[in-house]
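The region 'Disordered' feature in TrEMBL is assigned to A:1-20. The compositional bias 'Basic and acidic residues' annotation in TrEMBL covers A:9-20. Marked as transmembrane segment by TrEMBL: A:43-63, A:97-119, A:131-152, A:192-212, A:233-253, A:286-307. TrEMBL lists A:93-308 with the feature domain 'ABC transmembrane type-1'.
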Amino acid sequence: MAEPLQTRTRLEPDLRTRQPERRRGLGSEIWKHRYEYLAISPFYLLFAVFGLFPIAFSMYLSFQRWDGIGEMTFNGVNNYRFMLTDVEFWKAVGNTLLIWVYSTVPMLFSALVVAFLLNASFVKFRTFFRIGYFLPNVTSLVAVAIIFSTLFSNNYGLLNYILTQSGLNAVEWLNKTWGIQLAVSLMVVWRWVGYNAVIYLAGLQSIPTVLYEAAKIDGASGIQSFFRITVPILRPIILFTVITSTIGGMQIFTEPQVLVGNDGGVSGGGLTIVLYLYREAFVNNYFGYGAAVGWGMFVLIALFSIVNWKLVQGKSDT
Amino acid sequence: MAVTKWKSALLHTGLIAGFLLSIFPFYWLAVMSTRTTPEIYSYPPKLWFGTQLFDNISRVIANIDFFGAFMNTLFVASTCTVLVLFFDSLAGITFAKYHFPGKKGLFVLLLATMMAPAQLSLVPSFVIMAKFGWVGTYKALIIPGMVNAFGIFWIKQYAEESIPSELLDAGRIDGCGFFRLYWNISLPILRPALSFLGAFTFIGVWNDYLWPLIILTDESKFTLQVALSSLNGIYTTDYSMVIAGTLLAVLPLILLFLFISKQFISDIAAGAVKS
């Protein structure tokens, strides 16, 4: 007797509540899934406060003149006008682009070569090599910049020692625009070759070996199959690395800041866009102007990402 | 692939050369941290280890609160990592295994936030922190970073494949509530994905520089990277000490990485190729 009663009491409330719930519609649907919404809500709350709001606020701020403490005063487009006419800003843009080119091209090329070698079946100790190549990537940039400053030191650096030993003249690396840019680029290359190689390697491992065997039967050389098989199949992954290196390259800050200071060195060769933004906003306290520079930078990054996308994508049509 | 001995030797040589270039700066760092400042500035450079390591390290400890900075960094990085693991996995599992109205749209929104450019929010984020009164506190470092879109995406991908829905149903029949399904059933299955996300987050926070540099005002609260850069900026005459400090700051992370490297590297690769 107890059993049917129990099933009835267990079912009935369910039936009773389900009916009106349908009528109440979305509200009750949401209530029914309250735990799910609760579980995902931290992300959206935090994004609203620390992601979305700052972006909107930075737009507002970029039209203000503000030192961070006193009154904000409306400044119209003057921040932008100043930015576009400021020699230092354009210098920072130029420096950033040069460092990006100097670093990205050799970095991605070396990464591809390293990945290709690590993928060859006859190569031994592959895991060991992968770990060694990846190690620079987990090292802090501050430490890397300090280490590189001793390699590039004007008077006592290892590089100058090697130069003078081979009968050449020592170079004042950190007093020259191109010297600073070379040092920063080398830091980037050193730190990211292994990372990109690992990503390329994963792509390479997904290419069926049959393709290479077929090419070989057709008489293709190693280099031919590299450019005709490997590169085309890897194109989406190469695109990914180009885009991430562009975004990363446009945001270079720590390397020059630790290496040559807030002004980008004696010659200013290390003044990148983020370093410029940092200096104007947080050293000189031009907060409104800093926000405007942030938007300028955003436009540049978007522009370059699109150009890169088109370039790498465009190739696949031919 | 049949390869001639010559070719194999040549390629191995190339790989080894690149490998040596990769690890040389670490060797150089280690060598210099065992030398005195005059020796570092001497000519020709010393290429082999000296005897000053402990002396240099003791000066680091005497001049900056290295241990304090280390503990600060450890605190910030571990707190951030634990919170990221908790909130990301909670959200990731929910997106992977539950159905609720608006799920698809919310997930697209989540992916879209990854495009939000970080450099834009630098100044306003600082202003917000100032308004909250969080400047100079760890709240400013931890709270904005305690949940992120990448981690949620990563966990969702993994959870979709690895958590059987039948198992969750079985748990439900046994009377498990939402949180118990998460804590007792889903989390243990996600352990490999969590360990990668944890290591990734920990390394990222440990190495973070720009934001802590802006936020931290009080020397006693400096994280390792900020302390290290201030050491580098101030003590130019005692360079061997700066170098020894640098060594101390990178060593823990290198050891951590070597410990987890094999799995970590393949997870990086998997994540990049998938997305």
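Including glycine, each Cβ sits where the backbone N, Cα and C put it.
Just so you know, TrEMBL annotations never went through curation; they're auto-generated.
Stretch with the largest number of CB pairs closer than 8 A to the transmembrane segment (A:192-212), among A:43-63, A:97-119, A:131-152, A:233-253, A:286-307: A:97-119. Counting only same-chain residues 6+ beyond the ends of the transmembrane segment (A:286-307), those with a CB under 8 A from a CB of the stretch are 58-59, 61-68, 72, 75, 79-80, 82-83, 89, 93, 243, 246-247, 250, 273-274, 276-277, 280. For the transmembrane segment (A:233-253), the neighbouring stretch richest in Cβ pairs under 8 Å, chosen from A:43-63, A:97-119, A:131-152, is A:97-119.
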